[in-house]
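Student: Can you keep this structure in mind? I'll have questions shortly.
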Amino acid sequence: MILSAFSLEGKVAVVTGCDTGLGQGMALGLAQAGCDIVGINIVEPTETIEQVTALGRRFLSLTADLRKIDGIPALLDRAVAEFGHIDILVNNAGLIRREDALEFSEKDWDDVMNLNIKSVFFMSQAAAKHFIAQGNGGKIINIASMLSFQGGIRVPSYTASKSGVMGVTRLMANEWAKHNINVNAIAPGYMATNNTQQLRADEQRSAEILDRIPAGRWGLPSDLMGPIVFLASSASDYVNGYTIAVDGGWLAR
């Protein structure tokens, strides 16, 4: 039956940045589909751990600043040592800094680029090596953005990094498909998370945004559950190098 293709029973998913918001929603979706979760965060994701384990799934919490890539191989080695294998990687951890392009600092450029694109590549590289060694392939899902497609304003390093995420997703898909590794991305639209709290509090700006979204509402972390389970499951085995917009129709407007 087709529904069995969406089952993730027995799988292990590594999810970065899953303490709140979209990362938490995706981790919970994967756990509901059957995954045990390895969460990599800069803080202990207490709420996520509680919700995942309440589903009867295991959760391994690892603490790291992924802007520093030296420790990435050891993180995935630790995950494999704990569970025996890893099957899915979700590169969700991200950072945004806002300033006019004329005033944007090197530090704000480097901090965002190091986390949003550099860590994505080296996390994927380390995971792919495990997938190849295990011999069963794997799934890598990167988190892109509407600014992978659009320019935006006052977020130069974020736009550059998310454009890079979509590009490197395609490259890795091209190189690793022969190893049965699927690499795809999700581009969330305007989501009701901590990152958009200021925007949502601005009544005029929030109204302008909602007027542009055909669905007429802000997205929720739960809106990513279906797409992440699809891309992590065998139902997407012939989907490779693609970025799925989950934006209520924003990009279609």
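The backbone N, Cα and C atoms fix where each Cβ goes, glycine too.
Take a look at what Swiss-Prot says about it:
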type     : residues : note
ACT_SITE : Tyr158   : active site, proton acceptor
BINDING  : 14-38    : NAD(+) binding site
BINDING  : Ser145   : substrate binding site
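Any idea what these are sitting next to in the structure?
Tutor: A simple way to gauge crowding: the CB of Tyr158 (active site, proton acceptor) has 22 other CB atoms within 10 angstroms, across all the protein chains here. Under DSSP, Tyr158 (active site, proton acceptor) is assigned to a helix (H, G or I) in the three-state scheme.
For Met26 (NAD(+) binding site), the Cβ neighbour count at a 10 Å cut-off comes to 29, with all displayed protein chains included.
Non-local contacts of Ser145 (substrate binding site) by the CB criterion (under 8 A, 6+ apart in sequence, same chain) comprise Tyr158, Lys162, Val165, Ala187, Pro188.
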Student: Leu22 (NAD(+) binding site) has how many other Cβ neighbours within 10 Å of its own Cβ?
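Tutor: I get 26 for this one.
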Student: For Met26 (NAD(+) binding site), what is the secondary structure by DSSP, using just helix, strand and coil?
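Tutor: The residue in question, Met26 (NAD(+) binding site), is helix (DSSP, three-state).
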